[in-house]
Amino acid sequence: MGTKTALPAAELGLYSLVLSGALAYAGRGLLEASQDGAQRKAFRESVRPGWEYIGRKMKNPGAGTCWDSEQPECQPLLPPPHLNLPGPTQDVADFEWVMWFGSFRNVILFTLSGHVLFAKLCTMVAPQLRAWMYAVYGALAVVGTMGPWYLLLLLGHCVGHYVASLLGQPWLCLGLGMASLASFKLDPLISWQNGFVTGTFDLQEVLFQGGSGFTALRCTSFALESCAHPDRRYSLADLLKYNFYLPFFFFGPIMTFDRFHAQVSQVEPVRREGELWHIRAQAGLSVAAIIAVDIFFHFFYILTIPSDLKFASRLPDSALAALAYSNLVYDWVKAAVLFGVVNTVARLDHLDPPQPPKCITALYIFAETHFDRGINDWLCKYVYDHIGGEHSEVIPELAASVATFAVTTLWLGPCDIVYLWSLLNCFGLNFELWVQKLAEREPLAHIEASLSEQMSRRVRGIFGAMNFWAIIMYNLVSLNSLEFTELVARRLLLSGFPQTTLAVLFVTYCGVQLVKERERTLALEEEQNQDKLKPE
């Protein structure tokens, strides 16, 4: 009730003003804290002097200079302590971001560019063989990166899943898929299989976990789709073409086999009008986002500050709340940029890949919370929806969510932090349903029915604000650390009560109402577009 009701324009304007002012105030506090702590000894490992954009180093005033970040001997030097010269610095605590867009930037660009050129050539010469050409190029890239024995290891997993799919038993295919995934996540099998990788390099662990984990999920999807559609008679070649598509191989996103097979099997794919413009726009947006993140890290040390709890504990309450929120926003941006780059290449290959995850700012219910839309679609199709049905009953929903987070725990790699993260988010997902069921019963249902639709929306917005911070706290556990999460919770809920608690909730409430208004507007536009398409 009230979800499709508009609020007065003046009220929404007030919400916008409050939210903008609060973000500016909290951001200023976080900026001052970042600059004050730049010279702390605890920051030396993760705050690097110099100014970089997309891995390229610019001149650093007050320090040594270097234009080539690829040469370790040219790294800029800090000024002598007695000079105390100011100079730009950058938060480099996220090694994945630094490697993707710094150390291994050229390798990634070269490999993906080669795929694009190779795919274009094959599409022009032999479009009916383009799926095979994608797989051959992907397999060669895997051999060149990880070695031939690693390729043979993955081929063994593929063959095992193909044989299981011939038996037509979904439970067997799913069980084998989970066993295969567990073999890449748990010792001693993970150590043994890691030995198949040739050589040693910085990204070896990341590429091994990504390529192996996604292979297990793709093989499981293939086997389950084969069981669901025995009349289609999928072959081992179809599985290999699906698994070794290079843009998705190491980092995802994952497409379920039925979608990938239907799209890649088109002999003469045709682009929609304006599609190339959208692809170019997506590529430009990804580059702009990378530059924006690099610039942001020169002023805000959001990844380094939480590692120094003594320093973080001295932050104002508003800056601490902004720090917790920005950690989740950054993780979303990182996923959106990575998937944006990969999806741009996939769209050039006439595929329709999963969309980037929904922005954390627009999330106020657990049912829509995810950081990888491909994994979310995979889990929903094969586990969550299969067990939970309509997701309207308490017991089936509990069973579905427990099974889903059990698989997610295995995917992330079982450990204490992942166990806690899964438990908290599983509880949050079920608690939403419990509250919904409670609201449908008397006397709460009668109380809400007596309210106007606008007031009902306001009341629901209050619960949405509390849910928003539950989502932040539950996910901050895994994205940062348990100790930092405890610090934020203690400051916002205990020592800051009631002033800080109510202030943060009110600002969040304003944001939730603005998000609801945006959703309402988009829903109305969608209804209008559908009405135009209906025959008269």
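Cβ atoms here come from the backbone N, Cα and C positions, even for glycine.
Given the structure is predicted, the values throughout are model-derived calculations rather than measurements.
Residues or ranges marked as transmembrane segment by TrEMBL: 12-31 (among others). If one looks beyond the transmembrane segment (12-31) by at least 6 residues along the same chain, the residues whose Cβ comes under 8 Å of a Cβ in the stretch are 299-300, 302, 315-316, 318-319, 321-323, 326, 503, 506-507, 510-511, 513-514, 517.
Sequence-distant contacts of the transmembrane segment (107-126) (same chain, at least 6 residues past either end, Cβ-Cβ under 8 Å): 100, 133-134, 137-138, 141, 246-247, 341, 345, 348-350. Among the features that TrEMBL reports, transmembrane segment is placed at 107-126 (among others).
According to TrEMBL, the feature transmembrane segment maps to 132-155 (among others).
The transmembrane segment annotation in TrEMBL covers 244-262 (among others).
The transmembrane segment annotation in TrEMBL covers 283-303 (among others).
Summarising the annotation, TrEMBL assigns transmembrane segment to 323-346 (among others).
Under 8 Å from some Cβ of the transmembrane segment (459-477) lie the Cβ atoms of residues 2-3, 324-325, 327-328, 360, 363-366, 369, 417, 420-421, 424-425, 428, 432, 435, 448, 451, 484-485, 488-489, 492, 504-506, 508-509, 511-513, 516, all in the same chain and six or more residues away from its ends. As annotated by TrEMBL, transmembrane segment applies to 459-477 (among others).
Among the features that TrEMBL reports, transmembrane segment is placed at 497-515 (among others). Beyond the transmembrane segment (497-515), the same-chain residues lying 6 or more positions past its ends with a Cβ under 8 Å from any Cβ of the stretch are 7, 12, 14-16, 18-19, 22, 317-318, 321, 361-362, 364, 457-458, 461-462, 464-466, 468-469, 491.
Counting only same-chain residues 6+ beyond the ends of the transmembrane segment (283-303), those with a CB under 8 A from a CB of the stretch are 27, 30-31, 34-35, 37-38, 43, 46-47, 51-54, 88-94, 97, 101, 323, 326-327, 330, 333-334, 336-337, 340-341, 344.
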